[in-house]
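A short write-up of the structure that comes next.
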Ligand SMILES: Nc1ncnc2c1ncn2[C@@H]1O[C@H](COP(=O)(O)OP(=O)(O)OP(=O)(O)O)[C@@H](O)[C@H]1O
Ligand SMILES: Cc1cn([C@H]2C[C@H](O)[C@@H](COP(=O)(O)O)O2)c(=O)[nH]c1=O
């Protein structure tokens with residue numbers, strides 16, 4: 001494949017099914033012969049995974065909101081330098097579980113930090129790079145929390161109040177309306193078979209676009 005690979009991100013609140021969806025999309029694209037890197041944020045490189053541990057750990061000392069925002073972007077800078085940019089430049093597709101839209105949703109929406117701080121850091125850390133396509137898995141907050149709780153111990157974010165997650169969800173839905181060309185919203189409250197069917201349609205569209213570009 002020539003040229004830069006596609007950069008696809010998966011977003012959504014807690015427990016909506018992003019990891020499950022990512023595995024399905026990766027398998028569909030892999031079957032179609034797409035050279036693919038799957039990864040996640042915060043994390044995706046050794047150092048960024050260390051920062052993830054720091055961010056998700058439940059601790060006595062309250063975490064300052066600005067410190068949290070800066071740690072998210074520190075992890076992202078490393079992830080971009082070590083994994084995402086090299087893969088895209090080599091023509092591979094990158095499928096990433098969360099990216100900067102999560103920072104808008106959680107640190108600006110959830111924590112209520114100014115969105116312009118996120119924008120400034122986005123420009124500094126990413127330059128022009130933005131996802132080509134973002135799959136937003138959307139479901140009622142209580143459903144996602146129920147699914148997340150079914151998995152056991154809760155991390156520092158999963159322990160937030162319902163009102164926090166309602167702000168996260170509202171921010172994601174606003175981003176999807178404002179960037180409707182890039183976003184595909186999936187009703188993640190449906191049974192897995194229906195979610196998979198929606199994902200299959202999106203994969204076919206992405207593959208058709210990419211094949212069209214190459215002809
Ligand atoms: N559409 C669905 N219907 C029912 N259960 C689902 C559905 N999608 C995912 N699940 C289940 O819900 C749980 C959470 O799914 P998953 O880990 O994929 O969510 P996630 O969005 O990646 O969560 P988190 O962001 O909290 O890590 C898993 O047990 C998964 O099997
Ligand atoms: C990238 C990013 C993530 N978060 C939060 C959102 C989640 O609660 C955790 C990551 O864990 P998950 O397994 O993906 O659910 O981190 C955030 O607050 N801001 C971000 O930019």
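Just so it is clear, glycine is given a Cβ too, placed from its N, Cα and C backbone atoms.
Sequence annotations record features per position, and here TrEMBL assigns domain 'Thymidylate kinase-like' to 10-198. Positions annotated as ATP binding site by TrEMBL: 12, 13, 14, 15, 16, 17, 18, 19.
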Check the binding-site residues 13, 14, 18 for any whose Cβ is under 6 angstroms from an atom of ligand 1, and report them in sequence order.
14, 18
Work out the three-state DSSP category of residue 12 (ATP binding site).
strand
Which of the three DSSP states, helix, strand or coil, fits residue 17 (ATP binding site)?
coil
Determine the Cβ neighbour count for residue 16 (ATP binding site): the number of other Cβ atoms within 10 Å of its Cβ.
28
Look at each of the binding-site residues, 12, 15, and point out the one with the fewest other Cβ atoms around it within 10 Å.
15
Using the Cβ centroid of 12, 13, 14, 15, 16, 17, 18, 19 as the reference point for the ATP site, which residues of the same chain not in that list have Cβ within 8 Å?
137, 139, 144, 147, 148, 188
For the domain 'Thymidylate kinase-like' (10-198), what's the mean pLDDT in this predicted model?
97
Please list, in sequence order, the residues in the chain of residue 19 (ATP binding site) that are at least six apart in sequence and whose C-beta is under 8 Å away from its C-beta.
97
Starting from the Cβ of residue 17 (ATP binding site), draw a 10 Å sphere and report how many other Cβ atoms land inside it.
21
